[in-house]
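Participant: Sharing a structure below in structure tokens format, with a few things to ask.
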Amino acid sequence: MKATDLFHVTALVAGALALEHQQPLIGDLSQDLNHIIDSSPLLSFHRALVQIPSISEHEKNVGEYVLDFLSSQNLTVEKQIVTPESDTEEERFNIYAYVGKNRQPDVLVTSHIDTVPPFIPYSLHAPTSGTSFIRTDLVIAGRGTVDAKASVAAIVFAALETLDENPNASIGLLFDVGEENSGVGMKHFSNSELNPTPPTYHTVIFGEPTELSLVAAHKGTLGFKLVAEGKAAHSGYPWLGESAISSLIPVLAHLDTLQDLPPEKGGLLRSETLGKSTLNIGRVHGGIAANVVPAHAEAAISVRLAAGTPEDTRTIIERAVAKVTSGDRSVYPDFGDRKAGAPPQYFDVDVDGFEVITVNYGTDAPALKIHDQRTQRVKRYLYGPGSILVAHADNEAITVGELEEAVRGYKRLIAASL
């Protein structure tokens with residue numbers, strides 16, 4: 001659901017009334033909206049997750065809550081330490097849960113428990129003021145309500161309902177830390193004994209905001225810095241120095257055009273599935289004062305890859321920089337670890353009953369290395385409630401109906417995978 005659709009009550013009500021099981025209208029807007037949440041274990045669990053701040057690198061409290069909750073549901077739960085507690089850092093850990101002694105399940109369902117800053121408190125809102133509304137249209141707002149605590153909550157209850165119906169279902173749950181800024185949690189899991197070679201699981205279901213659609217593909221990622229070195233001087237005598245900022249600007253201007261240039265003319269790569277690769281100049285800084293010729297400047301740049309590998313895009317960037325600078329090495333791209341970045345990711349969409357889309361954002365999927373697929377290909381699905389368009393915004397929100405439908409969606413994916 002698009003963010004703007006959250007408040008289009010007329011359309012939502014019309015769609016809801018077409019459902020087999022119609023719901024009564026809630027007409028008394030003065031009633032305690034918390035009662036709707038209190039009466040649902042799913043919604044109560046989601047509320048508890050959102051009420052606990054878990055900005056990346058500070059996930060411990062919400063992790064403990066999830067661990068305790070899963071333990072209370074008679075699952076075997078492991079705390080996989082990612083970063084030990086120290087005087088300067090709090091403990092960071094993934095949560096890995098499974099049934100009984102089945103430590104290597106057939107189906108792995110995963111999402112992340114960290115959020116982007118800042119923390120925004122949990123709140124409930126009727127879709128409009130002064131009109132009746134259907135329960136499923138109740139809006140739940142706050143940081144993480146969508147990304148990705150909606151997926152975490154829906155995954156947990158989909159798994160519990162599946163196990164209630166089929167106690168022998170071979171399901172594992174992984175909730176990791178650090179997805180929003182480093183991928184450290186999934187990388188740690190990927191390199192651990194829980195991800196053997198060859199893999200014991202045959203399906204992985206990733207939980208992210210997909211508007212309840214299956215994702216066929218998402219773009220890859222590459223981050224780098226563009227650095228310019230100059231020579232400081234008094235601004236009254238600029239010819240005695242070399243302005244790093246002035247050197248940086250024309251190169252940035254050219255890089256900014258690469259997403260629109262065709263590849264045969266030096267532009268970024270494209271694909272029929274994902275369209276154009278895009279480039280964002282996210283941060284620029286340099287110099288020390290207005291009356292000093294700047295000796296250093298740099299820009300932080302992010303590329304979303306629609307095709308090819310990170311190394312392909314590095315080559316395109318290097319050639320583009322050299323074209324503007326004529327080989328002057330005082331302006332150069334700094335890629336850091338040349339093993340960093342990820343190519344576009346492709347997912348399975350062979351389960352009926354879902355719309356299929358592509359998305360431009362990245363996920364934990366490339367961080368989970370499936371080490372050997374020679375004997376059996378591991379299927380990967382990407383699905384979840386909520387819209388990415390509000391996921392990192394100050395209006396992050398989801399409806400009750402989306403959360404509840406996500407449980408049904410995850411159950412269908414799990415059932416198709418068992």
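In case you wondered, yes, glycine gets a Cβ from its N, Cα and C as well.
Dumping what Swiss-Prot says about this protein:
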type	residues	note
SIGNAL	1-18	signal peptide
CARBOHYD	Asn74	N-linked glycosylation site
BINDING	Asp147	Zn(2+) 2 binding site
BINDING	Asp147, Glu180	Zn(2+) 1 binding site
CARBOHYD	Asn168	N-linked glycosylation site
ACT_SITE	Glu179	active site, proton acceptor
Participant: By the count of other Cβ atoms within 10 Å, pick out the sparsest of the recorded positions Asp147, Glu179, Glu180.
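Facilitator: Comparing Cβ neighbour counts within 10 Å for the recorded positions Asp147, Glu179, Glu180 gives Glu180.
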Participant: For Glu180 (Zn(2+) 1 binding site), which of the recorded positions Asn74, Asp147, Asn168 has the nearest Cα in space?
Facilitator: Asp147
Participant: Count the Cβ atoms, other than its own, that fall within 10 Å of the Cβ of Asn74 (N-linked glycosylation site), considering every protein chain shown.
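Facilitator: There are 11 such Cβ atoms around Asn74 (N-linked glycosylation site).
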Participant: Any idea what the Cα distance is from Asn168 (N-linked glycosylation site) over to Glu179 (active site, proton acceptor), rounded to a whole Å?
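Facilitator: On Cα coordinates alone, these residues lie 31 Å apart.
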Participant: Tell me, how many other CB atoms lie within 10 A of the CB of Asn168 (N-linked glycosylation site), whichever protein chain they belong to?
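Facilitator: Around Asn168 (N-linked glycosylation site), other Cβ atoms within 10 Å: 10.
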Participant: At the level of the C-alpha atoms, what whole-angstrom distance separates Glu179 (active site, proton acceptor) and Asn74 (N-linked glycosylation site)?
Facilitator: 27
Participant: I'm trying to understand the geometry here, so how far is the Cα atom of Asp147 (Zn(2+) 2 binding site) from the Cα atom of Asn74 (N-linked glycosylation site), in Å to the nearest whole number?
Facilitator: 27
